[in-house]
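So Swiss-Prot has the following annotated:
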MOD_RES   Ser179  phosphoserine
MOD_RES   Ser201  phosphoserine
MOD_RES   Ser768  phosphoserine
REPEAT    631-662  repeat 'ANK 1'
REPEAT    666-695  repeat 'ANK 2'
ZN_FING   230-289  zinc finger
ZN_FING   359-407  zinc finger
Amino acid sequence: MTAGSVCAPQIIPLRVPQPGKANHEIDTNTLLEMKSDTPDVNIYYTLDGSKPDFLKKVGSGENNTFKYVKPITLPDGKIQVKAVAVSKDCRQSGIVTKVFQVDYEPPKMVSSEDNVEDALKGFSKQELKNGFVGPKLRKKYKNAENKSTWNVNLRRLADLKVGERADPKTLKDLRFAESPLEIPAYHEGASARLPTHQAQSPGFAHITGQKSLTSTEIMRIQRETDFLKCAHCLASRPSDPFARFCHECGAPVPPIFGYRLPPPEGAQMGLCAECGSMVPMNTPICVVCEAPLAPQLRPQASLYLKERVICRTCGTGNPAHLRYCVTCEGPLPPTQEQWLCNGDEVPHPPARNGETISCSRCGCQNLWEASFCDWCGAMLGISASHSVCPKCGASNHLTARFCGSCGIYVKSITRFRMHNSLAIVAGAPRPFPEPRSAWQSLNVPLPTSASGSKKDTGTQTSGLFYPSGKLLAKKELEAASHRQRQEKMSDHRPVLTAVSPGRGYWRKQLDHISAHLRSYAQNNPEFRALIAEPRMGKLISATVHEDGYEVSIRLNYIQVSNKSLYFNKSVNLSDHFLSSVTEGGNGLYDSRSSLVSAYSQSVSDTPESIKKMKNLKAKSFLVNPEPLTPENKLLLEEVGSSGKGRLSVLEQLLDEGADPNCCDSQGRPAVIVAVVNKHYEAIPVLAQRGADIDQQWGPFRNTALHEATLLGLEGRESIATLLGCNANAQKKNTRGQTAYDIALEMGDDLTSSLFAAKFTQGLEDQLSPPGNRILGDS
């Protein structure tokens, strides 16, 4: 928060948290408190969703802004509360918006005297400070006869409108009744008549919910405090008993019956020298001992102190007729007598509808916004103790915004001048509520310039670019769209939930997985270290398995090696080339086995072959598994864990049309299924019928030779059979390992010897003539 800014108000419901209910769900009896961390600020709020406007004038539209005085209640329904904090120098905070769902709750009917005492104690200290305290506790209820007489007289006045005069006899009966302050019947009637004015403004709907006290409580509060509030803005009633309009909102206020003059001020009381009693000083004799007060008010000496001028340099008091200090000989500030003696005429600018202030030193008339005199430089003090209405001339309080007599909007000149003086003392900038001119224009004759001094000069205007309004609006739209794109591209972190929703909400399911994966990585350093190492490409496959207790999710990404080569899954790549459609599948390669061998050869070949492989723009993607034919299903069952791997059955199924390259539900080829289940006799049969023995599968892209090596001693026969069928021992998986590397890593000497024998035989075949090559190297 920047220096000097006003803290935004807080809207807090005063209640104990209830289980099962959100913070915005309240009832009509719940009090709402508004407060700001910045001291000495006023809070204004609205209840209809409009922006609070605390400077709105009467006649410029419907005024729905209220000043916060004490905790309020809301009517039932969905209520949107907007509040803003305003300091004394008109600095505003940000607007706070809060929406409440208010349920109707009948008011609590309390009639005991103890609960009334608790209700009286529940008011805030701010209201007690503002004067919400009665002088003393009144006497208890009078008899029923006095009450009935008082209520009858009140019924006569209940039909009067605001501003009308009442019958003198009725006022006399009210003034001399036994209990002139017990007027609950009038307030109930008056509150019933107020909705005619409130119906025009929906923002006043909370007033009725706020007056939820019973008649006994209202009677007790009225009797103990003798305090009324404005029914529209809940501000304190004007201290003037004859005021007809509220000083804060300008709404009409009902008259008070039984007017009482305010008590005399403290300055009118004095101590009598004869009897020592505090008596009024505006009487000729003491009201206690009847001693004359005129001699006591006279001064004891006939010599009066002359006016002194304080030196601004050393602080010495000097006679008023001197111009230089007698101590430091510094210049003294001139007084009004010196201005008049010197013959300097003090200027009097034209009055602006009474908006001027007179200087106490030289008498110059200055603007009401000025803090110092334009002529002598003296600070302008607050001379008036009240503001004057420019329309009717009535006196109002310094802080009054509306005239209490005629109800028009009043520019509180003295109030703004007081704020300006306070701001100067505090070192803060003065607020200027509206534009003003700091100086008055003066007709000063200027010397005429010679005609020969004029020269014609030119400025460059060509080549300068002046943007048009459309271009500026277009730039603003582009900036707004750019901000929206940046917000959409921002990192979205889903909320960590305990249980995912399921039931088809796949987006929420993914958010649940992402949030828990992030949380698991933050809490497990080992997993963080493992997941941070590999370089991954795009996602090529994803599977979900559930067994009633756990849900397993497996994601397969392409791993990027140091040479930035993508080892894509070779699932029938020849079916996705253009030649497979135009030339029947034999336009680029002779068979599937040749394509796979060429691809594996290009991976482990020279960089020239790598460049050639990059030119093949074949897009690799997963093919949805086609439903297995009965022949393929029987073939996989025969080489599976439940089958026996009988050669006669396999040959019969292959003759009937079974595919030797078919895959099971997990994507494993038939050759790998036979190797995993130790049916090594079936490998030559499948290889002779066209099975690709170097086909890769799984997340690690292992071949049948890799799977046989992982079996250890149990896969020795399968390794020998695969090598006999000319399996590629140089084929690498995604980890960059061949089957021989896996055997060396496992420390299996017997398996390593099989690969060493194969390598030796391959070297001999390269050195021998072509006619002596073994069968199967065609």
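Note that Cβ sites are derived from N, Cα and C of the backbone, with glycine treated the same way.
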Residues of the same chain, at least six outside the repeat 'ANK 1' (631-662), with any C-beta under 8 angstroms of its C-beta?
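592, 669-671, 673-674, 677, 679, 681-682, 685-686, 689-692, 695.
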For the repeat 'ANK 1' (631-662), what's the mean pLDDT in this predicted model?
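The predicted confidence over the repeat 'ANK 1' (631-662), as a mean pLDDT, is 86.
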Could you count the residues of the zinc finger (359-407) that DSSP puts in helix, in strand and in coil?
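Final tally across the stretch: 0 helix, 10 strand, 39 coil.
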